[in-house]
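A.B. asks: Following this message is one structure expressed as structure tokens.
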């Protein structure tokens, strides 16, 4: 760059900083420009690896959607528990009024420190979310769910009244306000969403999410979570087989998948994932029904090995650390070009 252009740029930067404050524009090579993306573990080793950075990114909007009883709230409660383990503060905006504190505690959530709000209207829920984010003291905010964010006009109106596009407009306006604050405060905001069917769709998927299109654009990560089968012990069903697809990812390559078990009353079976990934990556040897680690037999059959790892958390952590070290990128994560799956809105 020639001297005149350098002087012109320096003058422009000085003027911008004078008018809008120091740090309003900076070079990415400067010390103040943060390039590494911090992540919070999801509680699932396979999903952490599928997300490419070891969890959900901080300072971003996340959307988790899926059918009923697929594990959406369970997954967010695990994220809250992992954040609290690192000394973080978490908030749960319970628009559905369906949070089970006993179940949350079983998943490792510290209910004493968890901030819970049960708002009356969608506007109130999103205003509370914005204020928590702007405080800069909250690490994770979960909104459960977008479908339950009822606009004030709808609550005050009659049951049969038509309110076309009200929720979509509410979400669009809220996300415009929220996004900048979320980035500045480095808070992770997770929206849980439900699925609806579009009528008259001949080709492609008839499924869509509620609340319009805005969330699809503003979300850095979108996770599609599905129940794929039942886990049985004899005739008794003790859990769900779950599959999560990373539909959109702005911080790592998208379209990866993770499969894990959700056990009733326990949540995500981390030990089950460690066994599967340990065998796949060669850290655990499987010979017939026997499993071995570092030359020592640790059990016959997956259930026995799972129990062994539950009783010996040190070994489980050592195997997990080796898997993460091998499969997760070292150093800073640079975001690739966005890849999105366009879906028309119901609104």
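All residue numbers here begin at 1 and follow the chain in the order shown.
Cβ from N, Cα, C; glycine included.
As listed in Swiss-Prot for this protein:
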{"type": "BINDING", "residues": "66, 67, 68, 69, 70, 71, 72, 73", "note": "ATP binding site"}
A.B. asks: For the binding-site residues listed here (66, 67, 71), which one has the lowest count of neighbouring CB atoms within 10 Å of its own CB?
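C.D. replies: Among the binding-site residues 66, 67, 71, the sparsest Cβ neighbourhood within 10 Å belongs to 67.
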A.B. asks: For ATP, what surrounds 66, 67, 68, 69, 70, 71, 72, 73 with a Cβ no more than 8 Å from their Cβ centroid?
C.D. replies: 225, 227
A.B. asks: Mind giving me a neighbour count for residue 70 (ATP binding site)? Other Cβ atoms within 10 Å of its Cβ, every protein chain shown.
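C.D. replies: Summing over all protein chains shown, residue 70 (ATP binding site) has 22 other Cβ atoms within 10 Å.
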A.B. asks: Non-local Cβ contacts of residue 73 (ATP binding site) (under 8 Å, 6 or more apart, same chain)?
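C.D. replies: Those within reach of residue 73 (ATP binding site), by Cβ under 8 Å and sequence separation of 6 or more, are 98, 99, 144, 192.
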A.B. asks: In sequence order, what residues of the same chain, 6+ apart, have a Cβ less than 8 Å from the Cβ of residue 68 (ATP binding site)?
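C.D. replies: Spatial neighbours, sequence-distant, of residue 68 (ATP binding site): 194.
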A.B. asks: Would you count the other C-beta atoms found within 10 angstroms of the C-beta of residue 69 (ATP binding site) for me?
C.D. replies: 11
